[in-house]
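Features reported for this protein in TrEMBL:
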type	residues	note
DOMAIN	11-406	domain 'Major facilitator superfamily (MFS) profile'
TRANSMEM	12-30	transmembrane segment
TRANSMEM	50-69	transmembrane segment
TRANSMEM	81-99	transmembrane segment
TRANSMEM	105-125	transmembrane segment
TRANSMEM	137-157	transmembrane segment
TRANSMEM	169-190	transmembrane segment
TRANSMEM	229-252	transmembrane segment
TRANSMEM	258-277	transmembrane segment
TRANSMEM	289-313	transmembrane segment
TRANSMEM	319-344	transmembrane segment
TRANSMEM	356-375	transmembrane segment
TRANSMEM	381-402	transmembrane segment
Amino acid sequence: MTGAKPKLFYGWYVVFSCTLIIGGSVGLLWNCTGVFVKPVTVALGFSRGAFTLYTTLSCVSSTILMPFYGSLFRKFGQKRIMLFCAAVCCLLPLMLSFSGVLWQFYFVALVQGSFIIGLDVMSLGTLINNWFRSRKGLATGIAYLGSSLIGMVAVPAVTRIVEKLGWQWGYRSMSLMAAVLIFPVLIFVIKERPEDKGLRRYGEEEFENLEAAAAGGLTRAEALKTPMFWLLGFGLFLSALVTSGIATNFLAFMSDTGYSTVFASGIVSGYMAFMCMGKLGFGTIFDKLGASLGALLAGLVNFLAPFVLVFIGLSGMPYVFAVAFGLAYATSTVPPAMLTSAIFGNKDFTSVYGTILMFVTVGSAIGAPLCGFIFDFTQSYHAAWLVLAVCGAAATFFFFTATRLGERRKTW
């Protein structure tokens with residue numbers, strides 16, 4: 001007598017676990033960075049530009065080391081690497097709580113960037129690609145929801161802790177929350193491949209007669225020689241510059257504009273909610289309506305979000321911003337994976353995707369301090385938002401052009 005077939009494909013448990021893992025890493029450890037810009041710089045006497053170099057250094061170390069993670073996964077096993085990365089990343093905010101000079105923040109930033117790779121979109125995107133042949137857009141969207149779902153709760157919670165107990169306890173609370181979110185599912189639920197559970201990729205049966213197509217695509221070396229790779233890369237660089245520049249400086253900007261920290265953190269929760277909708281929405285758009293429309297919409301929201309910030313003092317504009325930026329912030333997760341797969345295929349997905357994500361990390365590295373230094377120079381964020389709006393418009397062009405060229409030139 002054989003056991004009954006499970007009602008729910010195990011890959012969906014992996015997806016929901018990825019939601020918690022990215023929530024504890026990106027949603028908590030990364031999205032809460034902006035909470036500390038004003039309290040830490042005021043308490044320790046740093047300039048905002050100097051302090052926000054924290055994000056630059058973190059992204060620089062990620063950019064340098066990201067291409068090596070594919071080899072590490074193959075040599076030591078992805079789950080083992082993820083566990084080690086989780087242990088390091090959960091300890092880092094605790095270290096920050098005892099920091100008092102700028103170099104200590106910079107050191108932690110370099111370490112965080114080196115190890116958060118094992119817990120962010122590159123690592124989780126590889127898991128999703130291993131488990132899903134069809135409905136990959138939906139699975140990716142759900143998996144990446146955690147960064148916004150957890151961020152929606154964590155930002156106001158950490159803000160309140162900082163207000164009541166000080167910035168040091170804000171960092172300490174982040175260490176505890178990240179560990180609670182990440183370790184249980186990583187230890188007990190995550191499996192690297194469906195074969196580990198005696199299964200096949202979701203939807204594989206639908207493509208049994210198309211196995212060559214399923215494995216088709218370009219290698220990383222081949223992709224690097226195409227204009228689509230560089231167009232997509234530059235588009236992702238600009239969109240990441242937009243989102244990191246806004247996310248890190250937004251709470252300080254709202255405080256300078258005269259809004260209370262409670263109201264501003266509420267807007268952050270609002271855009272995190274729309275980020276959730278955006279991830280599911282973009283996943284559905286890529287699955288049902290195609291990569292070209294998804295690419296166009298991804299670019300347009302990156303233009304709209306900083307443009308709205310120029311008029312943030314007008315009635316209702318903070319709420320318009322919450323919608324626009326929530327959708328824009330979603331473009332840093334779902335579209336890179338979907339566009340990489342759509343344009344370059346699955347033949348060498350992990351290597352191509354890891355290389356493409358280097359553009360995202362470089363953009364993230366530049367965006368936050370760029371806006372911080374513009375503020376230091378002009379004592380206003382107005383010029384920064386205009387620069388980001390131009391970047392968003394350019395990203396729209398690059399995304400759409402890369403996708404259309406990929407569709408026309410696809411021969412695999």
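One-based numbering along the chain as shown.
Each residue, glycine too, has its Cβ placed from N, Cα and C.
The average pLDDT computed for the domain 'Major facilitator superfamily (MFS) profile' (11-406) is 89.
Recorded stretches compared: 81-99, 137-157, 169-190, 356-375; the one with the most Cβ pairs under 8 Å to the transmembrane segment (258-277) is 137-157.
Of the Cβ pairs linking the transmembrane segment (137-157) with the transmembrane segment (12-30) and spaced 6 or more residues apart, 3 or more are under 8 Å, so the two regions touch.
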